[in-house]
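For reference, the structure is listed below as structure tokens.
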Amino acid sequence: MSKQSQHVLIALPHPLLHLVSLGLVSFIFTLFSLELSQFGTQLAPLWFPTSIMMVAFYRHAGRMWPGIALSCSLGNIAASILLFSTSSLNMTWTTINIVEAVVGAVLLRKLLPWYNPLQNLADWLRLALGSAIVPPLLGGVLVVLLTPGDDPLRAFLIWVLSESIGALALVPLGLLFKPHYLLRHRNPRLLFESLLTLAITLTLSWLSMLYLPWPFTFIIVLLMWSAVRLPRMEAFLIFLTTVMMVSLMMAADPSLLATPRTYLMSHMPWLPFLLILLPANIMTMVMYAFRAERKHISESETHFRNAMEYSAIGMALVGTEGQWLQTNKALCQFLGYSQEELRGLTFQQLTWPEDLNKDLQQVEKLISGEINTYSMEKRYYNRNGDVVWALLAVSLVRHTDGTPLYFIAQIEDINELKRTEQVNQQLMERITLANEAGGIGIWEWELKPNIFSWDKRMFELYEIPPHIKPNWQVWYECVLPEDRQHAEKVIRDSLQSRSPFKLEFRITVKDGIRHIRALANRVLNKEGEVERLLGINMDMTEVKQLNEALFQEKERLHITLDSIGEAVVCIDMAMKITFMNPVAEKMSGWTQEEALGVPLLTVLHITFGDNGPLMENIYSADTSRSAIEQDVVLHCRSGGSYDVHYSITPLSTLDGSNIGSVLVIQDVTESRKMLRQLSYSASHDALTHLANRASFEKQLRILLQTVNSTHQRHALVFIDLDRFKAVNDSAGHAAGDALLRELASLMLSMLRSSDVLARLGGDEFGLLLPDCNVESARFIATRIISAVNDYHFIWEGRVHRVGASAGITLIDDNNHQAAEVMSQADIACYASKNGGRGRVTVYEPQQAAAHSERAAMSLDEQWRMIKENQLMMLAHGVASPRIPEARNLWLISLKLWSCEGEIIDEQTFRRSFSDPALSHALDRRVFHEFFQQAAKAVASKGISISLPLSVAGLSSATLVNDLLEQLENSPLPPRLLHLIIPAEAILDHAESVQKLRLAGCRIVLSQVGRDLQIFNSLKANMADYLLLDGELCANVQGNLMDEMLITIIQGHAQRLGMKTIAGPVVLPLVMDTLSGIGVDLIYGEVIADAQPLDLLVNSSYFAIN
């Protein structure tokens, strides 16, 4: 029996109440059965109590069986006393009933699968054997032996038949019933069909018993119709109800079966032929559907065989014992055997002995369910006895009951790859020996997979044990903190400029500080991007010590030489120039001879901005800002200008006296140019080069702020393309992108210079028309819509047509709230699309009312969803992008069901709340269900769970206290409970957050994205994780702005000692990009599919956390 089948299906919180309910059910069915016994036999002709006990034993753990037997027996005895006298009680019969129930339950557990006991006809035959044949026969024998009577054969037959009929009528229903089956009848169609079928079956069965000959033949036809029409559960319920009604009619009037219906037979003598044909026709159609399904399965198997046979890599079906069941041509060519020869061998016989044990360990994990698939590099013997390398990928096919059937193996030839690796290794050994003789360490950095490779000398230089895997963090921690920023900048600049670099820095070693000189060159890929860096490290400590001695003798020379790549100007105490290097001469336009003795600000024409005021005091620059952010411009005397950043260093004598200063000026023109490009990317759509939503909303806010002062009227237009998705689906995304660019140019050509056109997302556009009335706005919008409707887009020789709809709202003194005008334009646009597309609609108040009626969810329905409807907790696995298999943290999202059965996600549901109490109530239910149903299992698995906590819940001291009380009373360690809190709420509710952290909970700040102002107030002890906004991560692999923002957030997180979480991540390329940035954790489909929390904790295996 599988582990799953060993779990107890039912575990009620009140067992005593459940036993009482069983006793009451047994009492009712016993009363019914005993009523039937009053028309002719001492034994009941139809007996249900034994079947009730049998089902109860089957569905409950063995420790509850005594209680079940006692409660059901008391129900039987009570029914007997109610109908008969106390003296008529026969405890022997009750004991026999218990023996039959125990035997039947044991047999059913052995013969049937646990989760779905009745899957096919074979299962039903095993059910009949275990409940309707063996137990009744055993009971009949015991009755004859223990209570002998005048006619033992009659007693035996009545007992066996009554028990068998009761078992076949009740046991299937009892085995199939599950509480969630009742939820299916929320579907009105299924409920109506079930009730109608029940009513028709009972009515026609009643009429058959009263007026038709051979009534049971008619009833058989009716029950077959019910079986074909309805699902199993409903069909077995109708069978039980029909049996009870017919038996009750027979008990009330035994003469029903003896009365011939001569009148009907005289008028319809051929009626039996109809009864012969109906079941045959029904079964013919059922078998036809079954054969069609078998044909479909056969076709699928044929497709699989063809795909396997003609695959370019080796594929095989392998038995659970290792025998080759089926192989394709590629595998046969790789191993040198024919298919017939491989069938006589096992993979163990062909595997290199050193790889066999590792392979078998993975096979055991696969069979036990610990893993779903595995891959490894392994060696095989081919027919000639040679060892060949292969990349093996294996998955397991299981039977519906979970039994392993066979393995699917993919075996790819990597022999040439291994030979190349061996050649490269030998070459590397020769290079290493040569460099060891010269004391030079060689390193390589592959950028995309982020892999570092060091030779032996590198480990010796950094005094790092050879078993430690080198990476950026290992190297970065070795660098002296004072040199880290400069080193990182040099490397980043080299990568951006795709040029070699030379870098000198210091590292910390056991004996103190070691000076390192690094030289590196880049290797470009086919696209011209840097693929990897190759470089050397040299120990320059002795040279540096000598240089330090020379620099101490002449500090001015030290500073000048150290800054030789930048403009260097020396001044005396009177601010007059005493030295200028060539770079300074070039940037200022003055030669050193001309500048000597001239005041500094006469030579250096520095302004704040390109056309800003002159700098009057060289010490007035904002040193708190970075080099790029300081908007300082140096104007050359001969023309031209430079964006610069400068620093001033005082010059001192040996006794500390100040003798002047050294001014170092850096040319940051390119850096500021990049910053401007990033600023442009942040405010413009990358595809159409129109303003994006953020820029559009900013322009709208500026326009709204001037309405009261200028008393002008403006127009806001929303434009939505029609049939764009059809072009995108039929011609491809490239065509869709080209169409958007062409339409953007078309619309832009029809606007004034002061108008603002923006792409809001997808196929939606926004248009701001300053100083424009409704009539003019309607005219402009109509022109645009007509132009779009008439536009012919040609792609790959085909003409595509799209349309557009527009909604207009007027902005004036009485209507200048951003959210309202955006909503009005959206509602007007919706009215245009709803009115037939290709239209222009001006907003009217009644449109908003109609839109609200369609979209709003009533408050009562929201409360009912929170309090009564089903709630599902979905778990999303979180792991490091560098080790995606290691998951020990799970983010929880919520799915709710509306009263119509529609699934609504948590964020959409919360956005519809008009009362903060709804968020508070939803939080309370989430925590209650988690601690009641999942906390114990989560604690036993040792995994960390992150639950959402809204701002309303966080602001409630009562809810926070209740949460901590539930946590204290549960077996869950507080460190395993993570709470997801919106980032903007952390400062306003710092006291509640600190209270949760002191209790041991971990805090996850969500919605961390484009607003970086929060980091000005965020402290290191406020939270543990930063959950990045999902939109920020979606296209990070192709969006430089998003990549820069995530890099900034990652830097802040490292500074604060927090970890970053990004997602959802769907593409491996996005995972690689986030890994390269240094993001700590990610979630999404590349890590694991989301699954219900109860399934996660009940069916998964975890390491000890």
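Cβ atoms here come from the backbone N, Cα and C positions, even for glycine.
The feature transmembrane segment is assigned by Swiss-Prot to 9-29 (among others).
Taken from Swiss-Prot, the feature transmembrane segment applies to 38-58 (among others), supported by sequence analysis.
Through the fold, the transmembrane segment (64-84) approaches residues 15, 19-20, 22-28, 30-31, 34-35, 38, 49, 52-53, 56-57, 94, 97-98, 101-102 of its own chain, all at least 6 residues removed from its boundaries and within a Cβ separation under 8 Å. Sequence annotations record features per position, and here Swiss-Prot assigns transmembrane segment to 64-84 (among others).
Residues or ranges marked as transmembrane segment in Swiss-Prot: 88-108 (among others).
Residues or ranges marked as transmembrane segment in Swiss-Prot: 127-147 (among others).
Look at Swiss-Prot and you will find 156-176 (among others) tagged as transmembrane segment.
Feature annotation from Swiss-Prot assigns transmembrane segment to 190-207 (among others); the stated evidence is sequence analysis. Long-range Cβ contacts of the transmembrane segment (190-207) within its own chain (Cβ-Cβ under 8 Å, at least 6 residues beyond either end) map to 184, 215, 218-219, 222-223, 225-226, 229-230, 234, 237-238, 241-242, 245-246, 249.
Summarising the annotation, Swiss-Prot assigns transmembrane segment to 211-228 (among others) and lists sequence analysis as the type of evidence.
Feature annotation from Swiss-Prot assigns transmembrane segment to 236-256 (among others).
According to Swiss-Prot, the feature transmembrane segment maps to 270-290 (among others).
For 300-370, the entry in Swiss-Prot reads domain 'PAS 1'. For the domain 'PAS 1' (300-370), residue counts in helix, strand and coil come to 42 helix, 13 strand, 16 coil, using DSSP.
Taken from Swiss-Prot, the feature domain 'PAC 2' applies to 501-552, supported by sequence analysis.
For 553-623, the entry in Swiss-Prot reads domain 'PAS 2', with the evidence type sequence analysis.
According to Swiss-Prot, the feature domain 'PAC 3' maps to 626-680, an assignment based on sequence analysis. Confidence across the domain 'PAC 3' (626-680), taken as the mean pLDDT and rounded to a whole number, stands at 77.
Sequence annotations record features per position, and here Swiss-Prot assigns Mg(2+) binding site to D720, D763. Around D763 (Mg(2+) binding site), the same-chain residues at least 6 positions away in sequence with a Cβ under 8 Å from its Cβ are D720, L721, F724, K725, L740.
For N728, H733, D737, R783, the entry in Swiss-Prot reads substrate binding site, with the evidence type similarity to another entry. Shown in sequence order, M750 are the residues of the chain, 6+ apart in sequence, with a C-beta less than 8 angstroms from the C-beta of R783 (substrate binding site).
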Check: Is the transmembrane segment (156-176) packed against any residues at least 6 beyond its ends, judged by a Cβ distance under 8 Å, and which are they?
Finding: 29, 33, 41, 43-48, 50-52, 54-56, 58-59, 100, 104, 108, 112, 117-118, 124, 127-128, 131-133, 135-137, 139-141, 143-144, 232-233, 236-237, 239-240, 243-244
Next item on the list: Sort out the residues at least 6 away from either end of the transmembrane segment (88-108), same chain, that have Cβ-Cβ distances under 8 Å to it, and list them.
Entry: 49-51, 53-58, 65, 69, 72-73, 76-77, 80-81, 117, 127, 129-131, 134-136, 138-139, 142-143, 146-147, 163, 167, 171, 175
Check: Since the record lists D720, D737 as binding-site residues, which of them has the fewest other Cβ atoms within 10 Å of its Cβ?
Finding: D737
Check: How does the domain 'PAC 2' (501-552) divide up by DSSP, counting helix, then strand, then coil residues?
Finding: 12 helix, 32 strand, 8 coil
Check: Among the binding-site residues listed here, N728, H733, which has the most company in the form of other Cβ atoms within 10 Å of its Cβ?
Finding: N728
Next item on the list: Kindly report the helix/strand/coil residue split of the domain 'PAC 3' (626-680) according to DSSP, in that order.
Entry: 12 helix, 26 strand, 17 coil
Next item on the list: Could you say whether, by DSSP, D720 (Mg(2+) binding site) belongs to a helix, a strand or a coil region?
Entry: strand
